[in-house]
Amino acid sequence: MKARVIVTLKNGVLDPQGKAIEGALGGLGFSDIGSVRQGKVFDLDLTSTDKAAAEAEVAQMCEKLLANTVIENYVIELL
Amino acid sequence: MKSAVIVFPGSNRDRDMFHAMELITGKRPEAVWHTETSLPDVDLVIVPGGFSYGDYLRSGAIAARSPILKDLVKKAEAGINVLGVCNGFQILTEAGLLPGALMRNAGLKFVCKEIMLETANDATRFSTAFKKGQIWRCPVAHHDGNYFADDDTLKAVEDNAQVVFRYAQGSNPNGSLNDIAGVMNTKGNVLGMMPHPENLVEDLNGGTDGRLLFESLLNKAA
């Protein structure tokens, strides 16, 4: 089973890198940008075949390592 | 005072810390490799600066899950003194020993320069040799030093006087909230700070302002 984890900054957390990307896109002539936020994607290959167990395990991975829950949110997609 | 310095793959300020500690306390700290599972019996454990694990994932994130950290968390909760500088500060926040997180500098650039600090709390075991409000020189060298905490956490940190050092007015190099440069836990035995006091401990290097932090710890241990 494959899982995809998407980690994004929480609302209200300043994202200087997103701001720089936003500026660069503006410089390339993309004028209709409200804002840009940068995040991370993790693709996991799991040996488990039990969907519920896999999701619970990936949630633990997010809590313990993949996301810093002080500043980041995560979403798990099982593929 | 007996001390230990934890060394990770990618630590690069560990030698500066050994030198400063030996110079000021007269005793060379024990080096503890990150794969060890138990810390020696010491008064102070230092988590030094550098780029542990290449800053992969997030600065300090992988180091905070290394074997030796389990024992560090246990001993910190039991009250041992812990000092984290720069990457060490990032590691201590990632390990949950300190509140908040250190994010990319607001200006996006690596900053390597001397700044001015203000001692915000002189009643901690890390700062008794300073006076409250004292402005002192200290070098910084980091890319991820932008201190962030949510509103509730920040309020608690301020209300409990956990901010030990701030960047002096006009000196904030990274966008840290409330100019926070160094913060301790509620118990007051764990301090993390981005600036490098260990790099300003002898006249040969241009000043001795950083000594006061180590002398504070020494007074406490004596």
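Including glycine, each Cβ sits where the backbone N, Cα and C put it.
TrEMBL annotations: computationally assigned, not manually curated.
Taking all protein chains in view, 29 other C-beta atoms sit within 10 angstroms of the C-beta of B:C86 (active site, nucleophile). In the three-state DSSP reading, B:C86 (active site, nucleophile) counts as coil. The active site, nucleophile feature in TrEMBL is assigned to B:C86.
In the three-state DSSP reading, B:H196 (active site) counts as coil. As annotated by TrEMBL, active site applies to B:H196 (among others).
TrEMBL lists B:E198 (among others) with the feature active site. Here B:E198 (active site) comes close to B:R13, B:D16, B:M17, B:H19, B:A20, B:M21, B:V85, B:G210, B:F214: these same-chain residues lie at least six apart in sequence, with C-beta atoms under 8 angstroms from its C-beta.
A Cα-Cα distance of 7 Å separates B:H196 (active site) from B:C86 (active site, nucleophile).
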